[in-house]
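Q: TrEMBL lists 44-64, 76-97 with the feature transmembrane segment. The heme binding site feature in TrEMBL is assigned to H98.
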Amino acid sequence: MGTTAKEEMARFWEKNTKSNRPLSPHVTIYKWSLPMAMSITHRGTGVALSLGVSLFSLAALLLPEQFPHYLAMVKSLSLGPALIYSAKFALAFPFSYHTWNGVRHLV
């Protein structure tokens, strides 16, 4: 008959303990480096861009009005310049960072 998962795990740890194998280090022991941070940021901006494009295209397909209608709605909110510039930065940063980091990687 087969063994249970608990028995398999007990056998696995018993074998590792007997053979004195080193355990794999946990992610918390690594020192942060610039390439590590840039790689994580590159992946994060790639995910953000994929989600943003997907949501925008889904909204373009499903919303009943055309884009100028929704743009006029946002303009009618009379948002302050600080919020507008923050939103522009939040939209432009992932695109520019991901693009230039990809170019850097290719070079």
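Glycine residues also receive a Cβ, built from the backbone N, Cα and C atoms like all the rest.
Automatic prediction, not curation, is the source of TrEMBL annotations.
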Q: Cβ under 8 Å to the transmembrane segment (76-97), counting only same-chain residues 6 or more beyond its ends: which ones?
A: 41-42, 45, 48-49, 52
Q: Measuring CB to CB from H98 (heme binding site), give everything in the same chain under 8 Å that is also at least six residues away in sequence.
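A: The list for H98 (heme binding site) reads H42, T45, G46, L49, given in order along the sequence.
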Q: What residues in the same chain, six or more past the boundaries of the transmembrane segment (44-64), come closer than 8 Å to it by Cβ-Cβ distance?
A: 70, 91, 93-95, 97-98, 101
